[in-house]
Structure formats: structure tokens, C-alpha cells
Amino acid sequence: MVHWADYMAEKIIKERGEKEEYVVESGITPSGYVHVGNFRELFTAYIVGHALRDRGYNVRHIHMWDDYDRFRKVPKNVPQEWEEYLGMPVSEVPDPWGCHDSYAEHFMGLFEEEVAKLEMDVEFLRASELYKKGEYAEEIRKAFEAKGKIMAILNKYREVAKQPPLPENWWPAMVYCPEHRKESEIIDWDGEWGVKYRCPEGHEGWTDIRDGNVKLRWRVDWPMRWAHFGVDFEPAGKDHLAAGSSYDTGKEIIREVYGKEAPLTLMYEFVGIKGQKGKMSGSKGNVILLSDLYEVLEPGLVRFIYAKHRPNKEIRIDLGLGLLNLYDEFDRVERIYFGIEKGKGDEEELKRTYELSVPKKPKRLVAQAPFRFLAVLVQLPHLSIEDIIFTLVKQGHVPENLTQEDIDRIKLRIKLAKNWVEKYAPEEVKFKILSVPGVSEVDPTIREAMLEVAEWLESHEDFAVDELNNILFEVAKKRNIPSKVWFSTLYKLFIGKDRGPKLANFLAALDREFVVRRLRLEG
């Protein structure tokens, strides 16, 4: 089965024709924290660009920061005093936290740092800078000249939606008052570069389109941008792709006003966190950021989550027990890619998903420390990072001859596993080694089995986990001890719970002499 990004790349080549360079675009208004749902737009554009690059084409990925949009409302986490900045460009509203040059920069800066960790070739542009240096001046003037055409297009869709037509004094743009920087009403245009405006503070004045104070309204700005940059592909959320929405009107405006065709698009669904109710909102503050994911996920896994889901399927990221399954799945796909494991009829698609989840094709499989087991090891207080690596080698989870690249990856996973246990792991996964035996009285038959395991461990300084596992089963089987009762007793003995991690691996990771003493109920 063809990966969806490859399908889209082929469609772009077919419909847009062979080009020296294809342009893909994504865009976000930095009105609040840019969360993992917003990131889906950028990643969808990126991965289609990735597929085009893999076919030998040059690709320019523009991510447009719509930071010349107006500040519409004061978010819950911002002081109410910021009401005085309503109507100003978000790029000119002060940063409430005082650490960046503006409100918009606070959110843009963080997101750009987060994206850099994914090694994605993206060119971040700021709409405020492009408007202010007059880059869009010609296109803005064209929109003024085509005011009648634009109104006719918009009114056609408004009629279908049973909305009243636009008023005769409507203009395809608005002005930021040069003095107060508030959104102002346009009241006249001189037919060339001059635009007359009325400021909400009460005064009137003229401004030149080329001075950067005139900004196109969203339904005109979007198609203008497609034309200006020659955009071939831009994904969009379903609100922008519904019938009569900004994509529909944009297709007609770019053709009628700018003489070009709209880019191809893909609708992407929401991204949420499993167990979280409602839609994430950067201005409401109920969000998960990429930096939150980086606390528990390798960058490759973050990319993998988005690459494996078709854009029209909602993503629910499970930061609980499901995260262990995600690591297992990613490691399996990685082994399939390197031919170490066979797929189940889906081999080629899985390999391609993996390729699109990494910035460049890796030359070898870097050591995979099983995250599920690391979540156990990081809870053993006597183990240092070096001890954990030694345990992984000893139990055969990673090779003996580790390169620095291997060690770096293992250390990263250790850190991520520790974070996961502290922040997201359910109680059933957490445990503490008891300072005294969790059981004081044991059935004589079970006690006998415990002593036999203790004797075996005492006489085997070096052993394989499989050998210990076999002994654990054998001593119980020959005494007709039910497995559930036997294992439950051992878990209670060490961690005071009925259940726990894989027992043989767990016991093998503990100090051997301590395990022997505990099995003998000596401490």
C-alpha cells in the first residue's frame, strides 16, 4: 500500500507539472501556545515535501507566522490589563511574561526551538515583516482594484449560507493606524497607493499601501500568499475546507484576481491526548506542547506518530500505558526497516513510514533499549545509569560493543523513562522495593520453593535471564503451586503488590545477594 505522503507527492507532480522547485506551505497564528494539534499542519506539509525530495525534487517549505493578525481576546493566563492592546497586531503586543520582544514572539520562539529538535527543513517567515517591508504591496493594490470581483465571489457563498451580502463600504483589507496601531476602518482609496482610514480613537488619515500598514483580510490574504510564493501544496483543518469556507473562496480569488491556480490541499483532523476532554486551545491553555512530548518521547517517535496516521484520521496520543506500546511498535518497525525482523504483509508501508519518520536514512540500527524494561530499571534506586546499561547488556537487550551513538540513545531513553514514571505512569506500573519482606508468613510449600531459588542463585554468580525464568517455573511446577499464587507471593515479597514487572528480568536486575536474603526472609 502506498504511503499517503507518496500518493500526495505523485498527485502534485501530475497536476502541477514538472518543476525545478515545489513550494509547500503551512501557517499558524501565534495567538497562544502552539500545541501538538497545530503541529499537525506543519508536519503534513513537511512530510509531503519529504516525499517530493525523495523523488529528486527541490522543495521549499514555508511556514508562515500570521503574526500580523490582530489581538482578538485576552487569554485566561494573561493579565486583564492586556485588554488595552486588543485590535493591535499580535507582533506588537508586549510579552506578558517579559522574556520576548512581543506576545507573538513568545510563542513563535518556543515553537521554532521545538521544531529544530526534529531536524526538519522549514523556512519560518513572519507576515508582519513581509507586510511592513512592502513585499505584498503590488498584490494588495490588485485586491483593491478587484474589489468588485472579490465581493461578488464572497457574496455568492454568503448567499448559499443564507448570510446577508457584504456592505457596499466593505474593503478587502484593513489598516493598522500608524499612530495607535489599532485596527482601523478603510473609508476611501485614491485608485493608486493611498488609503484613507478612520481610527477607533476618532481621527482620520491617509497611509500608503507600500508603508505596510494595510493588511488584507483573511479570505483575500490566503490566496494572495499562494500567488506570491507559488504554493503547490498546503494542508488545512476541516474548518478551512468546509463547503463555502476560505479554501473555496480562495480558489476563485486566486484565479480571478491573481491569474493563478490554488495549491492542492489535504484536510487534517484534530490531535488530542487520550483521556483529555474537549479540543486543545492555545489561548485557553489546555494544551500539550511538543516540548511536553520530548519529556517522554524520542524525536523520531514524535515524527512517527504523525507519519503513521492518515491526515483525515484523528490522533489521540496516549501518554499512559499506551506509550509503552508505542515504543514497542516503533522499535519493531525500526527492526523491520533494517531487515532484522519480518513484517506481516505490511513490510513496505512500514519501512516507508519509518523513512518518513527520520530526517535522513540511517546507516545502521542504533541500540534499542526496551522502554518497557527501562521503566522498571529506573525505579530501582541502587542502579546508576552505568548499572542500567550494564544490566541491558548482560540481559541481551543491547549489544556488548556499544558505540557512543548507542550509549547516547540509551541514556536518552533512560532519562525519558524516568520522566514517564514520574509524570504519566499509572499506579499499577509504579513500585518501590520494600526495606523488609512484604510477607512474613508463607505456606511451607511456597517457602520451600523460595529456598530452592535462593540456593540456585547463590550457586550461579553469572546466569542468563532465561535460566532464572526456567527455575522460577520449575520449582513451582514440581510442587504443584499455581503460577498465580507463586508469582503473587514473590511480588508481595519484594514490592508489596500482587503484580509487577516481568519477574525474571526484574530479579536479575536486583543485587543477587539481596534477592537471596529476601527469598530466605532474612531482610
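Along the chain as shown, the residues are counted starting at 1.
Cβ from N, Cα, C; glycine included.
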Candidate ranges 30-38, 66-74, 183-191, 210-218 [criterion: Swiss-Prot lists as motif ''HIGH' region']: 30-38
Same Zn(2+) 1 site per Swiss-Prot - residue from HIS63, HIS106 joining ASP95, CYS99, HIS100: HIS106
Given ranges 54-58, 164-168, 279-283, the stretch to which Swiss-Prot attaches the annotation motif ''KMSKS' region': 279-283
List of residues, in chain order, with Cβ under 8 A from that of CYS199 (Zn(2+) 2 binding site) and at least 6 apart: CYS177, GLU179, HIS180, LYS182, SER184, GLY205
Chain-mates of CYS177, HIS180, CYS199, HIS203 with C-beta within 8 Å of site centroid, Zn(2+) 2: PRO178, GLU179, LYS182, SER184, TYR197, ARG198, PRO200, GLU201, GLY202, GLY205
Proximal but sequence-remote residues of the same chain as ASP95 (Zn(2+) 1 binding site) (Cβ under 8 Å, at least 6 apart): ASP101, SER102, TYR103, GLU105, HIS106
Fewest other Cβ within 10 angstroms of its own Cβ, chosen from the binding-site residues HIS100, HIS106, HIS203: HIS203
Spatial neighbours, same chain, of CYS99 (Zn(2+) 1 binding site) - Cβ under 8 Å, 6+ residues apart: HIS106
